[in-house]
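Q: Take this structure, written in structure tokens, and hold onto it; I'll ask about it next.
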Amino acid sequence: MDLLLFITAAAHIVYTPFTKVEESFNLQAIHDILYLRHNFTEYDHHEFPGVVPRTFLGPLFISILSSPFILLFETLHISKYWSLYIVRLVLAAVVTCAWTKLKRVITKIYGSDVSLWFSLITLTQFHFIFYMSRTLPNIMALPLVLYALAYWLNDQIKPFIICSGIAILIFRSELIIFLGLLVLINSLFKKVTIARILKIAIPTAIVILITSIAVDSFFWQRLLWPEGEVLWYNTILNKSSDWGTSPFLWYFYSALPRAMAASLLFVPIGFILERRVRPIVLAAIGFVAIYSILPHKELRFIIYVFPVLNLAAATACHRFWSNSGKSLWHGFLSLCAGGHLLLNVCVTLFLLIVSGTNYPGGAAMTRLNLLEAGSSNVSVHISNLAAQSGVSRFLQIHDNWSYCKREQMNYTKDESLAYTHLIVEAKNKFNNQLWSSLQEDFDTLEFVDCFNNIGIQYNSIMPIKIKTKACLAILKRKPGRGPSDVTKKESKKRKKKSITEQTPEESVEKPTKKTKKPKEVSKEISSEHQEISEGKLNNLDEENVVSKPKDKKKKKKTHQQKENVQPDVNVKSEQADRVTNEEEKLESEQNTDNISQESMEQSNKSEEEKQEKEIDIEEAIISKEMVDNEATKTEELDIQLVNDEIPKTLDETTENTEEQNEEEISQPSSKIDPELSTLLSSAVSLEDDNDAIVSTVESYEEQDLVQSKENTDTPHKEINFEELRNLALGQVNRKTKATKLKIRRLIEQHFRSKGKHIENDSQEKLNTKPVEKVSAKQSVKAIIKQERIKEMIEQISTMDLTKMCNLEKVSTKDCLKSVIDKIDAQTQS
């Protein structure tokens, strides 16, 4: 069984060889001791010291045990990548030896059958074996705790106090709660006196403190006691809460059930049936309860109590199994005792598969080493996420490569010149917004996926599916985009400038024309448009008056004038002047119209005034939307002027909306549903999540089924590329929400075209009579279908369609349909 525990731990190491940020200090320290040796100034902790200092005694011990294998690897020229496996296997072997010592004591006290059940329960659980090879401070202390528990069960007080002192003063100070409770129990049962405890503990503590201060002060280059600083920072100052907090009972309802799996059900039974395990189980539960006062909680903080709780569960299983032949009930209990091990195995396999997706940084670094194995003089920048999820110095296997983990990296063009490769964070495979500034200089070699969520699949043998998403991307600099190439281009530009520079005589001979720059023209036009829009809004707010149809015709004229902007600078300036003149006329005519309307309103009767006020309020909302549309057009015009591009065609959707607005203004206001207007206004204030969007669509369709019946097969408006662009950039407003609604209807069309049923489909709602809502549970398939639609909306909302479709030849709607087909095919495969 001892060898089987080590083999199981080795299997976990092979499947998940990389480490997280919590393990980085001890792992980097082991690497530096093994490979840098006397070159202390190059040690990793000088550049990345961490929040609090940690002791070097644990890494020194593991390095000494690993050094023979490392020397053999250096002799045989084996890559130090495999040294990572050696270090973790050595640590797992140390923990296995301590666990074997505890198991032998259990055999001596409780018998071989209880020891067998103790071994089986431990082997079928996930977290203890998963963590026993990881270079965490808790795991460095775990062997000492296991030895201390074995000595306590065997009534060996002196070695128990020595092991407890080393674990508390060097590695984890919180262990004073757990091991102190065991000492308190012994003193209560008069197995040991306080005088004898102090006689052993005081000299031991002095020796341990002197050793820790001497060794760690040498490596850290200052006088310190590492665990004392950790205790002060995490417990006294409670700074550990900056990394997250959990409820008081989190260990009991979350950590222990996940770690113990089905074996947790047998712990209280063993506590009741076996009197001899009660003291040590009480100490373990008391430690968890007291340690729960600290707000910051992690499962690894209480890993020391798992063997104790497994001992209680083993005694219960042994009792059920040995009494299986007494009655049918006892046979059923013995079957439960044996069957729960199979359940533990299933949970372990599932958690192991999930954990394999949690180290994208290590996977990305390994892939880069394989992709660029023959390259030299490579300079790699490692992002923060990659450094926290698997990248370590053991993966830096090339001596002629340079590696950088600088955290203050903004990925600007100047900063990226120093690197040939980048490992950057990615939102998904279709969105390059996080490194959009690098697309000109870098190519994407590969994406690395990581854990996203757990889904349910009803059409497969395995009902649970682990879903991943791209979270890291490996970028490589394009040929001819290096620092030397950039300097050459700059020097060529300078030469051209020096050649084109004219002498004063030449400048007198050649006539010059004063023209406005495109940027200046765009600024003037945008400022004038802002003034006009502000004037309109002020008139609307003060008088609630809408401009006459004459104004609309003039808007169309100015709109057509904006279309005919030419790339020539002189033409642009002339057209800009025309636009400003027309807009000044428009503003003056608006003022005269407003004055005339005021005089007419004063002459009307009181009843007509009330009706006209209601009409003006509704029409003001529509006219404000028209002003917003003009503002968006102005921004598009400014962008086109700056880039010296000729606008080919206007957006059909904006023209349609203007015509619709004109028709709605001319129509009587009684057709406007007040409930619909309040619903749309409330939709603006909703948070940007898919659930709110779906509910808004459903409530809108229920209130206006007749009006939307003609447009059910297609979205109400053509989806504009600029709207998708704003959606991909994460902007949250009414237009982006409307774009998501349009995307949802396209997805519904996609499913309807394939003959698939959609719960809460808008087409089905139109074909059926409206009935009152009845509270009923949706089917599992319907819930899954809705979740798939939400996921597709999330993916599409973050895509850059310019990378997937040629929008000059294909419409945005057709591009979206092809994207939806691809996403649906990927999810089905």
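Going from the start of the chain as shown, residues are counted 1 onward.
Yeah, the Cβs are placed from backbone N, Cα and C, and that goes for glycine too.
Checked TrEMBL, it gives:
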TRANSMEM  56-73  transmembrane segment
TRANSMEM  85-102  transmembrane segment
TRANSMEM  114-131  transmembrane segment
TRANSMEM  136-153  transmembrane segment
TRANSMEM  159-185  transmembrane segment
TRANSMEM  197-220  transmembrane segment
TRANSMEM  250-273  transmembrane segment
TRANSMEM  280-295  transmembrane segment
TRANSMEM  301-321  transmembrane segment
TRANSMEM  328-354  transmembrane segment
REGION    478-674  region 'Disordered'
COMPBIAS  507-534  compositional bias 'Basic and acidic residues'
COMPBIAS  550-559  compositional bias 'Basic residues'
COMPBIAS  574-583  compositional bias 'Basic and acidic residues'
COMPBIAS  604-614  compositional bias 'Basic and acidic residues'
COMPBIAS  621-636  compositional bias 'Basic and acidic residues'
COMPBIAS  652-665  compositional bias 'Acidic residues'
Q: Per the 3+ Cβ pairs under 8 Å rule, pairs at least 6 apart in sequence, do the transmembrane segment (250-273) and the transmembrane segment (301-321) touch?
A: yes
Q: Below 8 angstroms Cβ to Cβ, which residues of this chain, lying six or more residues outside the transmembrane segment (280-295), approach it?
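A: Distant Cβ neighbours of the transmembrane segment (280-295) are 149, 152-153, 174, 177-178, 181-182, 185, 234-235, 238, 240-241, 245-246, 248-252, 256, 267, 270-271, 301-302, 304-305, 308-309, 311-312.
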Q: Please give the sequence-distant neighbours of the transmembrane segment (159-185): residues at least 6 beyond its ends with Cβ less than 8 Å from one of its Cβ atoms.
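A: Long-range Cβ neighbours of the transmembrane segment (159-185): 55, 57-58, 137-138, 140-141, 144-145, 147-148, 151-152, 192, 197, 200-201, 204-205, 208-209, 212, 227-228, 230-231, 235, 279-280, 282-284, 286-287, 290-291, 301, 304-305.
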Q: Should the transmembrane segment (136-153) and the transmembrane segment (328-354) be scored as in contact, given a threshold of at least 3 Cβ pairs under 8 Å and pairs 6 or more apart?
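A: By the criterion, they do not touch.
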Q: Let me spell it out: take the transmembrane segment (328-354), skip the flanking residues so only those 6+ beyond its ends count, and list any with a Cβ under 8 Å from a Cβ in it.
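A: Hits for the transmembrane segment (328-354): 12, 15-16, 120-121, 124-127, 130, 258, 261-263, 265-266, 316-317, 320-321, 451, 454, 464, 466.
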Q: Could you name the stretch, out of 56-73, 114-131, 197-220, with the greatest number of CB pairs under 8 A to the transmembrane segment (301-321)?
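A: Out of the listed stretches, 114-131 contacts the transmembrane segment (301-321) most.
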Q: So if I exclude everything within five residues of the ends of the transmembrane segment (114-131), which remaining residues of that chain have a CB under 8 angstroms from its CBs? That is, six or more out.
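A: Contacts with the transmembrane segment (114-131): 1, 4-5, 8-9, 12, 16, 99, 103, 106-107, 138-139, 258-261, 263, 299-300, 303, 306-307, 310-311, 313-315, 317-318, 321, 341, 344-345, 347-348, 351-352, 355.
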